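K.L.:
Pasting in a structure now, in C-alpha cells, and then I'll have a few things to ask.
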Amino acid sequence: MGGIGKKRVKKRTHLKADPIQEAAIPKSMVIRSGASEVGRSLSLLTRDLRHMMEPHTAIRLKERKANKIKDYLTMAGPLGVTHLLVLSRTDNNANLRIIRAPRGPSLHFRIHEYMLNKDVRRLQKNPKSPTTEFLTPPLLVMNHFNQNSSKDSPHEALLTTTFQNMFPPISVQHTNINSVKRVLLLNRRDDGYIDLRHFIISTKPVGISRPIRHLLKGEKKDSDIPDLHNVRDISDYVLHGDGISGAASDSEIEEDATVEIDRPVPTKTEENLLSASQLLKPKQQAIKLIEIGPRMTLELIKITEDAMGGKVLYHSHVHKSKEEIKQQDNFHEQSRALKEKRKKEQDENVRRKRENKKRRKDQKKEGITSSNKNDDSGNEGSSAYSDTE
C-alpha cells in the first residue's frame, strides 16, 4: 500500500539543459560603482542595460554602498559570471568599464551621450512594448570593427573579441530563426566613437493581402479580430477589404528586408484561407527593426591588463616612447614579483600556523591521556592497600 499523504513530486517532461552548454554561456552583471551615488539618471541606465543583457544577467541585483568591485570579482567565479559592466560617474563624465572576470582585461569607455528606454519610446509615433523578446539573447551586429590588430591599432582584436564574448555564439546551421527576437548594433564611426543601438525584430508576412493578415492576427489575439458588423459577406472583406478603417496604408517593402524561412505547421485558419501552393512554398517574412533603447555613444579611453588596474595595454590620449614603455614593463614585473613573494610568505605563514595548531592539539591530547594513566595507576595502588588491610 502506497504512503498515505505523501506529496507527489511532479516530473518535468521538457528536456533539461546540458550543464556543459550552460557553463559555456557568457553571463554578466551590470553594477553601479558607489551604488546610488551615481545619480538617478545613471541608475535608470543601469536598469536598461540589464534588460538589454537579458536573459543571462542578474536583472534584480541590488548593490550596496559598501560593496567594492573586488567583492563582485570574488563571487564571479562561483556564480559563473564572465563579464562585469561597471557604471560610474565623475564630476565631468559618465564612464563604463567592461571587465573580463575574474582576472581581466578591462576596457574603459567614456559615455559621451546616452538615452534611456523611456526617452526612445517617447520619440516614436507607435512605440512597441516588448513581451517575450527578452527570453532569448540578442543578435550582435558589429560594423567597422577589425578582427586583426595592426601596428597602429594593436587593440582592435581585443576590443572586437570582448564584445563578441559577451553574448553566446549563434550557429547559422542550428539556430532557430524564430528565436532571434532582438538585435544589438555596435557601429564604429570614423572618429573612433562607438554607437550602441538596441532593436527588437518585428516580422510581417509578405504576399498575403491585408484582410487575410488581419484574420491571421486575430486568431492569436482576440483584441485583434476585425470589426465586420458593416460587412454583408466575408468575401467583401477578403477581396476588397471592406470594414477596415483607421489603419495606415501598407508601404512598399524593399527586397533586402524580405527573407524566406521554412513554413511551420499551418494553423486551421491558414489552411482555410491559403491555397495548397501557398502552404507548400517557403514563407516570406518582411523584417522591420523597432528601436527600444538604450542608446549610447562610447569612446574607448584605455585598456588595462588586469581586472583592477595593472599594465596599460592601450591609451587613446597618452602615447609613450619605447623607453617609457620599457620602464613601465620593468615596474610591473617588479610589482608582480613582489606580489608573488608576499603570496608565498602568506601561504607559508598559514601552513606554519596550521602545523603549530595541530601540534598543540596533539600535545594536549597526549597530556590528557598520560594524566588518565596516572589516575588509573593511583586507583590500583589504593585498592591494593585496602585489600591488605
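Start at 1 and count along the chain as shown; that gives each residue its number.
Using N, Cα and C of the backbone, Cβ positions are placed for all residues, glycine too.
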K.L.:
Which of the listed positions, Ser150, Ser377, does Swiss-Prot note as phosphoserine?
P.N.:
Ser377
K.L.:
Quickly jot the same-chain residues contacting the compositional bias 'Basic and acidic residues' (323-350) by Cβ under 8 Å, restricted to those at least six beyond its ends, or write none.
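P.N.:
Residues packing against the compositional bias 'Basic and acidic residues' (323-350) from afar: 305, 310-312.
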K.L.:
Please work out the mean pLDDT for the residues of the domain 'Brix' (28-309).
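P.N.:
That stretch averages a pLDDT of 81.
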